[in-house]
Structures are given as structure tokens and as C-alpha cells.
Amino acid sequence: MTDSPYSGSALRRALLHFSTGKGFGAVIGIAWLFMLVRELPLADYGAYVTFTAFLNIFVVVGSFGLIAVAERYVPEHRSLSSGPVLARFLTRLIALRVVLLAVACLAMAGFSAHLPALLSIEGMADTFLVFQIVVFGEGLCRYIETIFDSLLQQKYSQISTLFRYGTRLLALLAYPLLSDEALDLFTWITIEAVTVSLGALLALALMSKIVRQARHEEGERAGEGKLDYPRYIRYAAPIYLGRILALFSGIEMAKLVTTKMLGLEASAVFGFCASLAITLQRYLPTYLLMGMVRPLFITAFHSERPQKRLDFLFSLIVKLNMFAILPALAVTTVLGDGVVHLFSSGKISEGGLMLTLMLGFVVSQALRIAHGMVLISLEDGKGSLLIAVAGATVFALSALFVSVYGPVALVLGLVAADFVAMAIAGHRIRMKSYRLNYPYRGIGKLFIATVGATLFISLLDLSLAGYGEISRVLAAAGLGMVLYALLAQSIRPFTDEERGAINRMLPVRLFVW
């Protein structure tokens with residue numbers, strides 16, 4: 001099976017491109033986040049948080065289910081169909097996405113005089129109008145990158161992402177050198193519109209190369225793989241509705257609710273802490289592997305022993321993500337206020353509790369997404385819709401307490417919604433005659449290492465009380481993470497088979513946990 005598009009050699013090649021791209025991407029993403037909060041006035045940054053929340057919601061709402069189709073059926077056609085069939089499928093997906101995005105963005109542009117007021121950001125109609133260019137370009141780039149991920153074309157996915165965010169960072173660095181005026185939101189959105197438009201052109205060029213290669217590919221795979229549009233719609237329709245509900249009960253809606261009920265400055269604090277947590281979520285290598293692993297879940301369902309393959313992938317993904325996220329949670333539990341103050345260049349002094357809760361949400365999201373991958377492989381669109389309805393209900397209840405407890409109520413509601421979603425997902429998977437074998441022992445060992453690291457960081461923080469904030473935070477956090485790694489190595493949360501699978505994907509066998 002070495003010729004398979006999702007063979008071990010293909011996965012290792014994708015992992016190499018992924019690791020290289022995300023290494024640079026982590027630096028670019030973090031630098032861009034920290035510089036933007038420093039350059040923009042706090043109220044403008046709060047408005048930008050609201051704009052990006054709108055973008056993240058609108059990109060999914062305006063997809064009309066095409067994202068779900070790309071995630072589920074691009075890997076299937078890559079594995080089972082001939083090259084020309086795959087090329088035709090990709091071309092039609094991209095064309096339809098462009099048309100739907102253009103129509104949706106033009107419709108939003110027509111309401112640009114009224115929508116900012118509904119979002120509690122008065123006097124920004126012109127800015128919102130220009131922002132529709134960002135929405136179109138970003139939506140198209142993300143969709144093409146989803147297809148790249150589904151094809152294990154991490155090389156092109158990383159090139160597209162790095163170019164888009166790299167040009168933003170370069171523009172942010174160059175602005176103070178080229179202008180004497182302070183950066184405001186309208187100027188930044190205009191700059192972003194230019195960079196994302198260039199990024200969209202690059203993404204389209206890379207995708208056209210993939211399509212040309214597929215058209216000239218010999219028909220070596222077994223089936224022609226007809227384009228079964230009724231099947232795609234049956235699967236994608238409930239997934240699409242579920243994702244809309246999930247968005248309206250997710251972190252982006254929480255940002256909008258915070259802006260509406262508590263104002264732009266509260267939104268800036270909430271948005272910055274959320275951005276720190278989500279940046280960590282996006283740029284931790286093990287979390288980012290999910291984009292590469294999703295096709296493996298789908299092909300596992302078509303393997304000779306689907307239950308065993310799904311169990312192995314589920315356990316591995318759950319433990320890898322918790323292994324990477326939990327040490328950050330240990331750091332923020334003790335040093336949260338210092339971390340937020342340091343990374344915001346002193347603009348935000350109190351945000352430790354919010355950041356810690358947001359990282360707790362990242363943990364629950366990692367678990368929920370692993371469940372979702374199994375549902376995708378089983379083509380259970382109705383299950384995803386039920387999960388979204390339950391999550392929306394829990395989130396709506398938490399929003400009732402915002403006036404008393406502030407954004408904390410929203411984050412706790414998000415975490416609770418994730419656990420409700422996982423309970424429903426487990427039930428739906430059992431209905432399909434499959435089961436999820438949770439790696440309780442490995443998770444328990446990871447929590448033991450986390451508790452040990454948290455206690456150590458707390459003691460070290462007390463002993464370094466006389467030192468400056470930067471030295472204290474960096475020293476305590478760094479040494480705490482080293483201790484976490486050593487504790488985890490000593491108690492070995494991963495099985496021999498899991499360690500072997502991870503090391504086979506690495507150029508050097510370094511994974512010892």
C-alpha cells in the first residue's frame with residue numbers, strides 16, 4: 001500500500017512540510033498577535049475582535065455545507081477515484097465556493113450601514129464595508145487550505161498560510177517606518193484587505209496546479225468514483241446546520257455577546273485572552289496534526305479492521321493533544337495575570353483567570369473534535385446536528401448569567417457544552433455499532449504530571465518574588481514545563497504501539513513519553 005495517497009510515506013512527507021511551516025507559522029502568528037494589541041488603541045482592538053468574530057461565523061454560514069463536503073469526500077475521491085474525476089470534483093467545489101462567497105459578501109456590503117450598530121460598534125460603516133474584502137479572501141483561502149489538508153498536501157497548505165499571515169506581519173512592522181500617524185482600525189483593515197487578496201490569488205494558483213496534476217494522473221485506483229451529489233447533500237446538510245448552531249454557541253459568539261453586553265474594552269480583554277488560547281491551540285504541532293489526521297479517520301472506516309483503526313487513532317489524538325495543552329494550563333493556573341500583562345505590553349493587567357478558563361476550553365475542544373472525527377468517518381451528519389442543538393441550549397443558558405459573572409459565565413458554558421456534546425457523540429457512535437475505548441489510564445498519568453508541574457511552578461514563583469516580572473514568569477514557566485516533560489517521561493502515558501507510530505513519522509526517534 002505504499003502507493004496509497006494516505007500511506008505512511010505520504011504522511012511522513014506531509015508531516016515534514018507541516019512541521020516546517022508551522023514552526024515559522026507559530027513565530028509569525030504570535031508576533032502578529034502581540035504587535036497588533038500593542039499598536040491599536042484598546043477600543044479599536046476590541047472592535048477588531050468583534051470584526052474577526054463576525055468573519056469566523058460568516059465564513060461558515062456562507063459556505064452552505066461545502067466545508068463539510070470537502071472534509072469528508074475529498075479524501076474518499078483521492079483514495080478511490082481516478083485523477084480526472086478528482087480534478088472535476090475539486091474544480092466544481094472551488095467554483096461554487098467562489099460564487100457563494102461573492103454573493104454573500106455583496107449582500108453583507110449592502111447592510112454595511114446597519115450591521116456595525118447591531119454589533120455595538122458605532123461609526124464604523126466604512127470600515128465594515130472594506131472588511132468584506134477580507135471576509136471574501138480569508139474565506140476562500142481557508143476553504144482551499146481545507147482541501148489541501150484533505151489531500152495531505154501540507155506543502156501547499158503551509159505556503160498559502162505563511163504567505164497570508166507573513167505579509168500581514170510585514171505590513172504591521174513596516175507601518176511605523178512608513179507613516180507618522182498612529183495605526184487605527186480603518187487603516188489596518190485596508191492593509192489586511194490587500195494582503196489577504198494577494199493570499200487568495202496564491203491559493204488559487206496552488207490549487208490549479210493540483211487540479212492539473214490530477215487531470216493527467218493515470219487511472220490506477222479501482223473505482224471511477226462517480227460524483228454522487230445527493231449523497232453529499234444528505235451528509236452535508238445536517239453538518240452545515242449543526243455547525244451554524246455550534247458557531248452561535250461558540251467562542252466567536254461569546255466575543256459578540258461580550259461586546260454587546262459589556263462594551264469594547266471588556267471585549268478587548270476577553271478577545272486577547274481568547275486569542276492567546278486559540279493561538280496556542282492552532283500552533284501546537286500535535287493539535288495541528290488533526291487537519292492531517294482527519295483523512296486517516298475516513299480511510300480507517302474503509303479499512304479491513306475499522307474498529308481497531310478508529311480506536312487507535314482516537315486514543316492517539318486525544319492523548320497527544322492533552323499532552324501538549326496541559327503544561328500550558330499548569331503555567332497559567334499560577335502565572336496567568338503575569339502572562340497576560342507581559343504579552344499585552346502592559347495594556348491588560350488582569351486576565352489570568354480568563355486565560356486559564358480559555359485553556360480549559362481548549363482542552364475540552366480537543367476532546368470534542370476527536371469525537372467529531374469519528375462521527376465524520378461514520379457519515380453521521382444527524383449526530384453532529386443533535387450535538388449542535390444541545391450545545392446551543394447550554395450556551396444560551398450561560399449567557400443569562402453574563403450580567404452577574406461577566407465573560408466567565410460564557411466560557412464555563414462553552415466547556416459544559418463540549419462535555420454534553422461528547423456524551424451525545426458517544427451515544428451516536430454506539431448506535432452505529434462502534435464504540436470508543438477511552439485511554440483513561442494515559443489521561444490519568446498526564447493529569448498527574450500536570451499537578452506536579454503546577455505545584456512546582458507555584459513554589460518557584462514564590463521563591464522568585466523579588467525578581468522582575470519578565471524574569472519570574474519566564475523562569476517559572478520554563479522550568480515548570482521541563483519538569484512536566486520529565487514527569488511524563490517517567491510515567492509513560494503513551495503505549496509502546498503509540499510511541500512507535502509517532503516515531504515512525506519523525507525523522508529521528510525522539511518521542512520518549
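Each residue, glycine too, has its Cβ placed from N, Cα and C.
The transmembrane segment annotation in TrEMBL covers 14-35, 47-69, 89-111, 185-211, 232-251, 263-284, 312-331, 351-371, 383-402, 408-425, 446-467, 473-495.
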Dominant neighbour of the transmembrane segment (446-467) in 89-111, 232-251, 312-331, 473-495, by Cβ pairs under 8 Å:
473-495
Stretch of maximal Cβ-Cβ contact with the transmembrane segment (263-284) [cut-off: under 8 Å; candidates 47-69, 89-111, 185-211, 351-371]:
351-371
Under 8 angstroms, Cβ to Cβ: which one of 185-211, 312-331, 351-371, 408-425 has the largest number of such pairs with the transmembrane segment (473-495)?
312-331
Are there residues at least six beyond either end of the transmembrane segment (185-211) with Cβ under 8 Å to its Cβ atoms? List them, or say none.
36, 40, 44, 47-48, 51, 87, 90-91, 94, 124, 126-127, 130-131, 133-134, 136-138, 140-141, 144-145, 147-148, 151, 153, 156, 159-160, 163-164, 167-168, 171-172, 175
Counting only residues 6 or more past its boundaries, what in the same chain has a CB within less than 8 Å of a CB in the transmembrane segment (47-69)?
36, 40, 93, 96-97, 100-101, 104-105, 108, 119-121, 124, 127-128, 131, 134-135, 138-139, 142-143, 146, 185, 188-189, 232-233, 235-237, 239-240, 243-244, 247-248, 252-253, 255-256, 259, 264, 267-268, 270-272, 274-275, 381
Apart from its near flanks, which chain residues at least 6 from the ends of the transmembrane segment (351-371) lie with a Cβ under 8 angstroms of it?
251, 269-270, 272-274, 276-278, 280-281, 287, 290, 314, 317-318, 321-322, 325-326, 328-329, 332-333, 335-341, 344, 407-408, 411-412, 414-415, 418-419, 421-422, 425-426, 429, 436
